[in-house]
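Engineer: Sharing a structure below in structure tokens format, with a few things to ask.
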Amino acid sequence: MSQTVRPRRSVLYMPGANTRALEKARTLPADALIFDLEDAVAPEAKEAARTNVVLAAESRAYGKREIVIRCNGLGTPWGEADIAAIAQSGADAILVPKVESATQVTHVVSLLDTAGAPSTMAVWAMMETPKGILRAEEIAGAHPRLGLFVMGTNDLVKDMRARHTPMRLPMITALGIGMLAARAHGLAILDGVYNDIQDSEGFRAVCQQGLEMGFDGKTLIHPSQVEPCNEIFAPSAAELEMAGKIVAAFKAAQAEGKGVVTVDGRMIENLHVEQAERALALASAIKELQAAA
Ligand SMILES: CC(C)(COP(=O)(O)OP(=O)(O)OC[C@H]1O[C@@H](n2cnc3c(N)ncnc32)[C@H](O)[C@@H]1OP(=O)(O)O)[C@@H](O)C(=O)NCCC(=O)NCCSC(=O)C[C@H](O)C(=O)O
Ligand SMILES: [Mg+2]
């Protein structure tokens, strides 16, 4: 089985009002970029930020990196104008903050259609409120254009009146619900941000935790987080070696009419072959993205 996989190991946010960051992102090895119009932009800078991010997306100066623009919420004075501008920007996706219902997703899709967005423009949803988490399954199945969930752990901590802790015990339920809902509907899913830019050890530990939970990658706030995140979310050399062995051994077993085999003492069935093929496909997609940078 051949699989198409889009690398989304590292997804870097930047404030739409920060033209230096928008320019610097052209040279950063992040797999995807989120130009933010929402929380990282002050009210008086919203309109200028909208112009900046549309120009940046239109510039096509980011190679094969996926370009995403986060709009303001529909209940704000800027939401609808953001969506109309994003529709025409050539961005790969729009990221909608604080999604709490399936209707919100379908409403954004109809606004994009009215504004003439190409049908290839995906919708990504932020899962970052208690209501959104409790309705995650309904939201995940809202519309075929919805491609991805982004966990918003800062807003969740605020709304839950929880605390940021090293291994995120207060967040585990929400992260798990978001994960299950996303996978049940075939969506990709990204982990939330790590606020302490100076704490590289804590950052690596949380990336590893996100990988083990099944996240496709992590959202980031600073260039220094990109490379460690890329490393942790890429299949390791040992994993790829094992994946190659699994695929070859299973093929040989199938030729002999067997459906199960052992590799290095471990039982291998069809489902392990699927996982191995996915790792190989991701590694080759990463190589392709790096070659285009
Ligand atoms: C956090 C920051 C404000 C720190 O900025 P600064 O002090 O300027 O950082 P440095 O001096 O260390 O920057 C070094 C160079 O890197 C560039 N830079 C910094 N950050 C970015 C970035 N995000 N993208 C691209 N380039 C960046 C600087 O321009 C410097 O470049 P140079 O001139 O060459 O030296 C800042 O990092 C920042 O604004 N980060 C992003 C904040 C953001 O977007 N927040 C919103 C998203 S997070 C969120 O909302 C989560 C979610 O909704 C939730 O609820 O959880
Ligand atoms: Mg948020």
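Just so you know, glycine gets a Cβ as well, placed from its N, Cα and C.
Annotations for this protein, taken from TrEMBL, read as follows:
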- R70, E128: substrate binding site (BINDING)
- E128, D155: Mg(2+) binding site (BINDING)
- 9-223: domain 'HpcH/HpaI aldolase/citrate lyase' (DOMAIN)
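Have a look at these and tell me how they're positioned relative to everything else.
Structural biologist: Annotation note: R70 (substrate binding site) sits in a strand segment as assigned by DSSP.
Taking the Cβ of E128 (substrate binding site) as reference, residues of its chain lying under 8 Å away and at least six apart in sequence are, in sequence order, P97, K98, M151, G152, T153, N154, D155, L156, D159, G192.
In this model, the domain 'HpcH/HpaI aldolase/citrate lyase' (9-223) carries an average pLDDT of 98.
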Engineer: Restricting to the chain of R70 (substrate binding site) and a gap of 6 or more, list residues whose Cβ falls under 8 Å of its Cβ, or answer none.
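Structural biologist: Listed in sequence order, they are Y13, I34, F35, D36, L37, E38, I94, L95, V96, P97, M126.
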Engineer: According to DSSP, does D155 (Mg(2+) binding site) sit in a helix, a strand, or coil?
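Structural biologist: DSSP assigns D155 (Mg(2+) binding site) to helix.
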Engineer: D155 (Mg(2+) binding site) has how many other Cβ neighbours within 10 Å of its own Cβ?
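Structural biologist: Cβ-Cβ neighbours of D155 (Mg(2+) binding site) within 10 Å number 19.
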